[in-house]
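If you check TrEMBL, you get these features:
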type: BINDING; residues: A:Arg59, A:Thr60, A:Arg109, A:His137, A:Gln140, A:Leu268, A:Pro269; note: carbamoyl phosphate binding site
type: BINDING; residues: A:Lys88, A:Arg170, A:Arg231; note: L-aspartate binding site
type: DOMAIN; residues: A:9-149; note: domain 'Aspartate/ornithine carbamoyltransferase carbamoyl-P binding'
type: DOMAIN; residues: A:156-302; note: domain 'Aspartate/ornithine carbamoyltransferase Asp/Orn-binding'
Amino acid sequence: MIKIFDLTDVISIKDFQKKDIQYILKKAENLEKVAKSEEYSDELAGKILGMMFFEPSTRTRLSFETGMKRLGGSCVGFDGSVASSVSKGENLADTSKMFEAYSDALVIRHDLEGVAKFISDIVDVPVINAGDGAGQHPTQTLLDIYTIKRRFDKIKDLNIALVGDLKYGRTVHSLAYALGMFDVQMSFVAPDELKMPKETLHDLEKDNVKFYQTNNLKDVIDDVDVLYVTRIQKERFPDEEEYSKIKGAYLINHHLIKGKDLIVMHPLPRVGEISTDVDNTKYNKYFEQAFYGVPVRMAILKNIIKNKI
Amino acid sequence: MIKIFDLTDVISIKDFQKKDIQYILKKAENLEKVAKSEEYSDELAGKILGMMFFEPSTRTRLSFETGMKRLGGSCVGFDGSVASSVSKGENLADTSKMFEAYSDALVIRHDLEGVAKFISDIVDVPVINAGDGAGQHPTQTLLDIYTIKRRFDKIKDLNIALVGDLKYGRTVHSLAYALGMFDVQMSFVAPDELKMPKETLHDLEKDNVKFYQTNNLKDVIDDVDVLYVTRIQKERFPDEEEYSKIKGAYLINHHLIKGKDLIVMHPLPRVGEISTDVDNTKYNKYFEQAFYGVPVRMAILKNIIKNKI
Amino acid sequence: MIKIFDLTDVISIKDFQKKDIQYILKKAENLEKVAKSEEYSDELAGKILGMMFFEPSTRTRLSFETGMKRLGGSCVGFDGSVASSVSKGENLADTSKMFEAYSDALVIRHDLEGVAKFISDIVDVPVINAGDGAGQHPTQTLLDIYTIKRRFDKIKDLNIALVGDLKYGRTVHSLAYALGMFDVQMSFVAPDELKMPKETLHDLEKDNVKFYQTNNLKDVIDDVDVLYVTRIQKERFPDEEEYSKIKGAYLINHHLIKGKDLIVMHPLPRVGEISTDVDNTKYNKYFEQAFYGVPVRMAILKNIIKNKI
């Protein structure tokens with residue numbers, strides 16, 4: 001029996017218990033028709049979402065906006081383009097108090113870890129962290145898990161491989177943590193330079209989460225249900241040649257996965273990690289995954305924006 | 001008897017049959033009161049228009065937004081300012097699939113010919129071309145024709161002069177093509193350097209469309225019902241002097257048209273082609289023309305956005 | 001008995017009679033619940049506010065947008081970021097006629113004095129001046145007065161000190177003028193370089209408004225009900241040292257006001273004029289003041305946007 005979701009802010013996936021995640025997954029499913037405009041809702045009519053995007057993020061921003069508008073609400077704010085940024089010289093606290101005065105909830109994107117938490121401590125409206133630097137991006141994790149749930153109708157007992165840059169990738173740390181609650185087998189596939197950090201592994205071990213590490217995609221490709229691919233950034237490597245070699249070794253293309261029983265996911269944007277010859281196959285779940293950002297964020301918005309009438 | 005409009009995308013005016021144009025003209029007229037907020041509509045409540053403006057275009061963008069919002073709908077996207085553009089490095093197809101996931105229809109503005117068509121082939125939502133480089137801008141053509149229809153209550157049997165840069169002007173090529181369906185007399189008034197391209201003339205001849213060419217505005221000024229003026233860009237000329245001479249010869253001012261029975265149109269923005277002494281005269285139809293972008297685009301939006309409820 | 005508000009444009013606070021101000025104060029109070037989304041309204045559903053922000057102003061822009069959206073309306077336009085600005089080369093009149101065609105009212109922010117008035121003379125929709133350079137910003141003045149009214153339940157018989165840059169500060173000139181209608185005692189506290197201009201003082205004297213001038217905050221601090229603080233800009237001083245000295249002398253901190261019976265206001269953004277140790281005290285009214293921009297602007301919008309249905 002799923003209880004009521006009682007988080008007032010959505011700052012870190014670590015604030016979520018398993019029941020909270022399950023609650024959001026359930027609610028998101030109910031909202032899919034609204035997200036596709038196959039059903040009409042004006043549940044958030046008159047409500048305003050404050051968009052504080054200190055750095056750009058098209059997919060995250062647009063899916064929050066679409067989610068809010070599909071529920072009849074509106075958005076105000078700035079979009080992270082250099083030119084749109086806030087009043088020169090104003091401190092973050094004052095800017096946040098301003099948004100608090102004009103909104104029913106805030107979505108914050110910032111390149112510094114901890115900013116969303118800082119803001120949630122000084123405003124009285126709910127705050128959603130839409131990515132704070134190397135920190136957290138909890139709604140991305142929720143939509144990732146939702147994508148898996150929608151495909152397999154369960155999360156438990158799946159073999160999920162996280163592939164690519166597991167060292168710096170904010171997304172994969174949160175995802176590994178959250179999947180750890182669901183009794184899955186995880187495989188971490190990364191070049192030696194970009195392995196999952198020891199702290200993350202240690203946390204998983206403490207929680208008795210099973211995982212396997214390798215730098216060779218071939219080791220796991222026959223057994224996995226999910227290939228979760230992330231971007232490998234050029235800047236992480238000392239020279240171009242090393243980067244090209246690694247990139248080639250982790251490229252997902254149709255040839256590699258043909259005949260296997262798996263899905264391919266990616267938080268997007270991709271820059272060459274998945275060949276376009278996967279796009280029109282049954283393996284491709286990354287476009288659907290992007291769509292699922294809408295119902296998942298709608299579920300969050302519906303639950304944290306208070307009805308004060 | 002006007003049949004149902006059955007285009008799913010609006011890419012090129014060449015996809016329109018005469019009956020399609022007539023259908024939009026009729027529907028636009030019915031929507032004028034809503035466009036002026038003299039009547040209320042929420043027919044597109046809950047619907048979202050994705051705005052993919054890869055280059056700026058204030059008039060086109062705002063009239064689409066106003067049209068969508070007058071019908072109760074919402075917009076998401078980017079506006080073509082450098083800073084607002086999409087995620088670095090993401091390919092156009094992936095960006096389009098993202099917008100497909102978040103919208104009920106897409107409006108695309110791009111500086112490369114063929115982009116709107118390319119996108120319409122890979123997404124399942126309707127696509128409207130809002131200008132693709134040297135290519136097409138079909139809703140501009142529709143609002144141009146609508147302006148003529150509203151003034152004369154017919155299009156047939158009018159003498160319509162297209163004036164200015166007829167070589168590079170995207171607008172005039174589409175307009176000439178579309179007017180060709182309506183049994184009008186066309187005059188093409190341009191300096192020798194900027195004459196209507198041979199291919200366009202050839203197409204018109206094939207369809208038995210009557211036209212007359214001149215480089216002298218005086219040749220036609222006494223006979224025309226419509227002076228459709230376009231911008232002559234400095235960059236088209238090797239030297240400043242030549243440009244100034246040409247610009248002067250094609251300047252429309254009150255003195256030139258006083259006492260004649262004609263209207264002056266311009267897709268706007270103008271940069272000196274029409275003197276401001278025409279603004280407060282009965283000849284000025286260019287401001288109304290800009291307004292007509294709203295009901296015409298509303299008619300398009302209403303007809304291509306599917307009701308899935 | 002308050003009469004109907006009959007201004008069609010909101011250009012200058014000098015166009016307001018006392019009864020007009022009282023009318024807006026009254027109406028704003030009725031709208032506070034809607035501004036906080038404790039009550040629902042769709043009174044401006046289908047209406048569109050054109051936002052012509054030629055320079056950025058986050059607080060003013062967002063509070064107009066929030067106000068419009070809380071009433072069910074929508075906004076279109078540009079936000080003053082360099083990149084978002086209008087079509088290259090188009091004159092202001094043509095841009096304004098475009099916005100007239102797409103909106104039910106216009107909000108204009110420009111760095112040149114007189115622009116809002118100029119535009120209001122050429123368009124047929126209501127125009128609101130949201131700040132024109134050194135000129136007027138009437139809705140700021142209205143929300144300032146509203147803040148005082150909400151705290152003291154009157155304006156009359158209060159002692160109100162305007163502090164800081166009284167020479168260049170657009171806000172304080174309008175506020176002094178408007179407060180002059182309400183039988184208050186005003187104190188003007190400024191360094192000698194930044195004193196209230198002679199013309200403003202002369203206007204007040206003509207209207208028999210009582211005021212007192214000093215460059216020493218201590219002279220008034222025991223007697224005032226309101227400390228209205230404004231920014232002192234570095235650029236106003238020949239050297240850094242002089243600036244630092246002045247800034248220090250006018251800094252409002254908790255120590256200075258502790259035990260007094262007064263409120264601190266500021267149009268925001270502040271850049272160091274008020275110490276953050278005032279933020280969590282009863283003296284702080286500047287955050288509420290920012291919120292009051294919403295109901296006050298809603299009252300204006302409701303009254304100038306014509307119902308044409």
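Placement of Cβ uses the backbone N, Cα and C atoms for every residue, glycine included.
Annotations in TrEMBL come from automatic prediction, not curation.
Within 10 Å of A:Arg231 (L-aspartate binding site), counting CA to CA, the binding-site residues A:Gln140, A:Leu268, A:Pro269 contribute A:Leu268, A:Pro269.
Of the listed binding-site residues A:Arg59, A:Arg109, the Cβ environment within 10 Å is emptiest of other Cβ atoms at A:Arg59.
The Cα of A:Arg170 (L-aspartate binding site) lies closest to that of A:His137, out of the binding-site residues A:Arg109, A:His137, A:Gln140, A:Leu268. Look at the domain 'Aspartate/ornithine carbamoyltransferase Asp/Orn-binding' (A:156-302): DSSP puts its residues at 65 helix, 25 strand, 57 coil. Apart from A:Arg59, A:Thr60, A:Arg109, A:His137, A:Gln140, A:Leu268, A:Pro269, the carbamoyl phosphate site neighbourhood in this chain, defined by C-beta within 8 angstroms of the site C-beta centre, holds A:Ser57, A:Thr58, A:Ala130, A:Gly131, A:Pro267, A:Gly293. Filtering the binding-site residues A:Arg59, A:His137, A:Arg170, A:Leu268, A:Pro269 for a Cβ under 8 angstroms from any Cβ of chain B leaves A:Arg59, A:Leu268, A:Pro269, in order along the sequence. In the three-state DSSP reading, A:His137 (carbamoyl phosphate binding site) counts as coil. Local packing around the Cβ, expressed as the count of other Cβ atoms within 10 angstroms, is greatest for A:His137 among the binding-site residues A:His137, A:Arg170.
A C-beta separation below 8 Å, combined with a sequence spacing of at least six in one chain, links A:Thr60 (carbamoyl phosphate binding site) to A:Arg109, A:Ala130, A:Gly131, A:His137, A:Thr139, A:Gln140, A:Gly293.
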